[in-house]
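Visitor: One structure follows; several queries about it will come next.
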Protein chains: 2
Amino acid sequence: MAVSGGLRHDLHGRGQRLTPQRQRVLDLFERVGAGHHLSAEDVHLQLLRADARVSLATVYRTLRLLASMALLRELELPEGSRRFELASAEQHDHHHLVCAACGRTEEFDSAQVLQAGADAAAKHGFRLLSSRLTVRGLCGACAAAV
Amino acid sequence: MAVSGGLRHDLHGRGQRLTPQRQRVLDLFERVGAGHHLSAEDVHLQLLRADARVSLATVYRTLRLLASMALLRELELPEGSRRFELASAEQHDHHHLVCAACGRTEEFDSAQVLQAGADAAAKHGFRLLSSRLTVRGLCGACAAAV
DNA sequence: TTCGATGCAAACACTTTGCATTGGC
DNA sequence: GCCAATGCAAAGTGTTTGCATCGAA
């Protein structure tokens, strides 16, 4: 498939190799889709479940590698939960609404936010890479329960 | 002082006590100001430097306590750096510009972002608590170095 | 055949917890 | 005096690394 071919090419460009393990990790992210957030542990378990033996150490190494290649992107969510998601080219920044009580998360887009981020970057002499808004709140169910 | 008096009162309301350690941790955050982000280790070192012996375990316990009381707020920054800042009432949401290369951070405000967050919350039936935009980019110096 | 990648286990950094003791109220 | 809070050290997390072996190119 296209992406994996690109992966092989990109790796070779860095003197690195395309291994079944790397393939499987990236495949998994493609299978679950761009909006999904997976932790290292999630990736490891899902691969085991699919009978693809990959060590946890390799999962960590591969996540770091793919993120450094900008194929994955690390999320910026609260409190020690490192998660990654597919950073496909056609996908634009999306933002998160997180329920402070139950942890439920929703995603949304906003051109306004993008613009505000670009303005701030320009003002401080930064070259914009990405912007993420995290809105904390109480979801309907939790707000009702309080 | 006003804040500590409030602290004592809030703690009593929960059947908890105002100890010198808790006082010192909150004082430290007030001394450095609302815009500063401190890790548990930072707090511990600064207190030691000020001759205030507080164990690291207590620092962690206190940060969690003060955050649960909404006196401190935990930041949502990338990659395993848990940091806290003072959540004073008069302070409005502020956002972060983080250099992906050197980690330098700048802060900024944006009414636009606040509005976008409020819109998104309303649309998904959330009650808004706070919104934080994290913009990743390359600061001037790092962009020039690439 | 070569040298990068893997698996395993040990090492790490950060955070939490059990327990005896201290001290706020 | 009671019971919450502290300090210490031990136990957990999640993540990284050293090293022998494996395998992509």
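In case you wondered, yes, glycine gets a Cβ from its N, Cα and C as well.
Okay, so TrEMBL annotates it like this:
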- A:CYS99, A:CYS102, A:CYS139, A:CYS142: Zn(2+) binding site (BINDING)
Visitor: Taking DSSP as the reference, which of helix, strand or coil describes A:CYS99 (Zn(2+) binding site)?
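Guide: The residue in question, A:CYS99 (Zn(2+) binding site), is strand (DSSP, three-state).
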Visitor: By a simple count, how many Cβ atoms lie within 10 Å of the Cβ of A:CYS99 (Zn(2+) binding site), its own Cβ left out?
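Guide: Summing over all protein chains shown, A:CYS99 (Zn(2+) binding site) has 21 other Cβ atoms within 10 Å.
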Visitor: How would DSSP class A:CYS139 (Zn(2+) binding site) in three states?
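Guide: The residue in question, A:CYS139 (Zn(2+) binding site), is coil (DSSP, three-state).
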Visitor: Over all shown protein chains, what is the count of other CB atoms within 10 A of the CB belonging to A:CYS139 (Zn(2+) binding site)?
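Guide: By my count, 23.
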